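Pulled from TrEMBL, these are the features on record:
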type	residues	note
DOMAIN	51-87	domain 'Alpha-D-phosphohexomutase alpha/beta/alpha'
BINDING	SER64, ASP276, ASP278, ASP280	Mg(2+) binding site
ACT_SITE	SER64	active site, phosphoserine intermediate
DOMAIN	108-166	domain 'Alpha-D-phosphohexomutase alpha/beta/alpha'
DOMAIN	181-283	domain 'Phosphoacetylglucosamine mutase AMG1'
DOMAIN	297-435	domain 'Phosphoacetylglucosamine mutase AMG1'
BINDING	GLU370, ALA371, ASN372, ARG498, PRO499, SER500, GLY501, THR502, ARG507	substrate binding site
DOMAIN	455-526	domain 'Alpha-D-phosphohexomutase C-terminal'
Amino acid sequence: ELIEIIRNCSGLHPKPPGLVLQYGTAGFRTNAKLLDHIMFRMGLLATLRSKKTKATIGVMVTASHNPEEDNGVKLVDPMGEMVTPTWEGYATQLANAEQEDLLAALKDIIEEEAINMSQEADVFVGKDTRSSSASLSKAVLDGVSALGGRNKDYGLVTTPQLHYMVCCQNTQGKYGEATVEGYYKKLCQAFIQLTKNASNCTDDQKHLSVDGANGIGALKVREMESYLKKELHISLFNDGSAGKLNHQCGADFVKVQQNPPTGMKINSGERCCSFDGDADRIVYYYTDSEGQFHLLDGDKVATLISTFLKELLTQAGIDLEIAVVQTAYANGSSTNYLEDTMKVIVRCAKTGVKHLHHAAQEFDIGVYFEANGHGTVLFSKAAEEKIRQLAEDSIADDERKRAALLLQDTINVINQTVGDAISDMLLIEAILAIRGMTIQQWDAIYKDLPNRQLKVKVSDRRAIDTTDAERRAVSPTGLQEAIDTLVKKYSQARSFVRPSGTEDVVRVYAEADTQESADALAHEVSLAVYRLAGGVGGEPKPLH
């Protein structure tokens, strides 16, 4: 009878023959018109995953920072983390099975994972503000019911909010209450507690301009404002009332273009930040009195947060190991500052948030941010316990106790499940207020090394293989030696190449003491890639 139901339901969500999609770093993502069958099948898969883990699973319908006509889907595992690699594989198998092979593909997964089909299943579903999200999330819900799963439709939520709900549900409320209101209360109460430690903040210092990317983040910041009790004054731009989602605005646009978003009035020296389309990334910026634009990306954010935490740990006298996890794209200046000046452990992980998240879990406190502004802080159970004990210790001295209480509030303002623009924004605002720091002072902690990123078209990106968290090329033969030789010609230089995860291009990154040198090095490395790794089209032209 189940077979009948699935057959009938899947007929309503047929797969276009021959369409092949890969579950990438963040799920499936493509033009919304091609996704109906994928959504239905991810509803099926989430239900199986729930039966397997005996826990609630999340499905988020979003294409993050992609253009409005795209959509996509991300699966959320029981602790609010991204779904495990094995199941990413199942997702790809299920998505690409032709219509007549769908039942067989499902059966394979059920047998492979020895899933007890009479086990109950629960799936939480959320969606972003794209016009296609309503019907696509409906297709997910159809998939869940087809396998007899129970669903809870959260409607319009940010991606991190859905991750949060799943974690709350599966920790029986220990992490928080699985409602949007519960989310605002937890974060805002912690934020208000933190800002009590800021000495005489003026209204001016409490002001922040936010670019909502014309997406879900804008709606949710509006909903949250009443919970902030006027402790943060937000001017919201690109709130979705007029502009197009992610169009000339949002974190990705600002980071890549090195320009403020369209539709935002900026006074010089004013703190500004941008979310991406599903509010899991954030970047800060300001323009100086000369009108020069200054970007504070994920590296600057990680530095601010980790140095704040390190100082609190020292004040509290708690011995916990804190580390910052970066990727090869992190600016060399940030790495040097953290290692040499702050004496913080720095780890390099492969590109992709799941790799950073995993590496951060190996420390008592792991701060991870990609340069694009996606990141968070993870606290081990032991670390949270040590901090709690000191905060509740009746005989501890005042300074130590104050630091422990600050650490506790910091833990509560952070969404540990995934990068969260709203949570990161509150944390950054609290740190700047407590330290009495302007955005210019934050920016001046270290100066970025000039850098350049380029792409080289190749006939097959698999020709390039890397090691050491993508910092060194293993193949083709001779490429790494060529890069090493070129890097030696410049001062404070570094360069690496890695194949793109999505297209036949090789990404080249170079940094050096001057922009001229960084550009020249990037170009010379591009030539080496073109010659040794099967470049196609004309030889890369110099930038100048």
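Placed from the backbone N, Cα and C atoms, the Cβ positions cover glycine too.
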Max pairwise CA distance, angstrom, over record-listed substrate binders GLU370, ALA371, ASN372, ARG498, PRO499, SER500, GLY501, THR502, ARG507: 19
When counting Cβ pairs under 8 Å to the domain 'Phosphoacetylglucosamine mutase AMG1' (181-283), the leader among 108-166, 297-435, 455-526: 297-435
Top Cα neighbour of ARG507 (substrate binding site) in the set of binding-site residues SER64, ASP278, ASP280: SER64
Candidate nearest ASP278 (Mg(2+) binding site) in space, where candidates are the binding-site residues GLU370, ASN372, GLY501 and distance is Cα-Cα: ASN372
ASP276 (Mg(2+) binding site) and GLU370 (substrate binding site), distance between Cα atoms, whole Å: 14
Per-region confidence, the domain 'Phosphoacetylglucosamine mutase AMG1' (297-435) (mean pLDDT, whole number): 96
Minimum Cα separation from PRO499 (substrate binding site), reported as the residue among binding-site residues SER64, ASP276, ASP280 that achieves it: SER64
C-alpha spacing of ASN372 (substrate binding site) relative to SER64 (Mg(2+) binding site), in angstrom: 13
Beyond the site residues SER64, ASP276, ASP278, ASP280: chain residues whose C-beta lies within 8 Å of the centroid, for Mg(2+): THR62, HIS65, THR158, THR159, GLY215, PHE275, GLY277, ALA279, ARG281, HIS374, ALA421
For the binding-site residues ASP280, GLU370, GLY501, ARG507, the one whose C-beta sees the most other C-beta atoms within 10 angstroms: ASP280
Cα distance (Å, whole number) from ASN372 (substrate binding site) to ASP280 (Mg(2+) binding site): 10
For the domain 'Alpha-D-phosphohexomutase C-terminal' (455-526), the number of residues DSSP places in helix, strand and coil: 25 helix, 24 strand, 23 coil
Cβ-Cβ neighbours of ASP276 (Mg(2+) binding site) (radius 10 Å): 32
